[in-house]
Amino acid sequence: MSAVDFLAKEKIWFDKPRYDEAERRFYEHMNGSPQPTKDAGANTILQDIARARENIQKSLAGSTGSSISSSSADHGELVSRIKSLELENQSLHKVVENLRAALSKLECRVAVLEKSPAAVSPASAPPVPYTNGTAVQQKTSTPAKEEEEEEEDDDDIDLFGSDEDEEADKLKEQRLKEYAEKKAKKPAIIAKSSILLDVKPWDDETDMAKLEECVRSVQADGLLWGTSKLVPVGYGIKKLQIACVVEDDKVGTDMLEEEITKFEDYVSLVQYFC
């Protein structure tokens, strides 16, 4: 066992003050020396204990006084709150009583209205029409009078016509003729379209001037040729792009394509864009 372990298990060093005190008492007893020092020390300790007790009692008395004062203050605040709550409760009771009284009155009125018989309202008269701010009197006729009036109207009908009807028919025919004449005099609206033609030759050796001359040689009523230009296509080949304006009722795109493709020596393809 090492010294460290021995010292760790040994307790004599922790109880050294006790052993020292026992040793001192043993030698004092052996020597027979009086113990005035011990009594003096005991007296001082007793005095200290008494003083400590007095201080504790004083502190306790002060704390109890403060607690009493604080408790009295809390008690007063609690009393005031209770009084305010009682006043508020009384006011709420009054409000509830007023509401109950108003509700009971309302229920009584509703009951009276439900029990009372419905007032017989007089037959509502038909509304009287007004003309320029003046009322127009409506005729109230009995069924017998209405039948008499219908019979009178039937007697007034002329089954064989009258001269007035013939005059009205003549006037109507005359107005229809005048309207037709005015419509015939108005110039008719001519619908026209603008067309852009792409005329492609066979190859790069085609005479484009001659090709354009052939295209422009196509003439028809309602056809008007416009500007033209040569647009390169590729491999030295150029196409003729020419514009024209046509009247839709007289000239069509099929007719133009058919007439231009007749020039087989110069034209290989015709495309149009409206």
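Note: Cβ is positioned from N, Cα and C throughout, glycine not excepted.
Residues 82-116 are the range that TrEMBL records as coiled coil, among 82-116, 187-221. Looking at the stretches 36-55, 56-75, the one that TrEMBL records under the feature region 'Disordered' is 56-75. Assigned with DSSP, the residues of the domain 'Elongation factor 1 beta central acidic region eukaryote' (159-183) fall into helix, strand and coil as follows: 21 helix, 0 strand, 4 coil.
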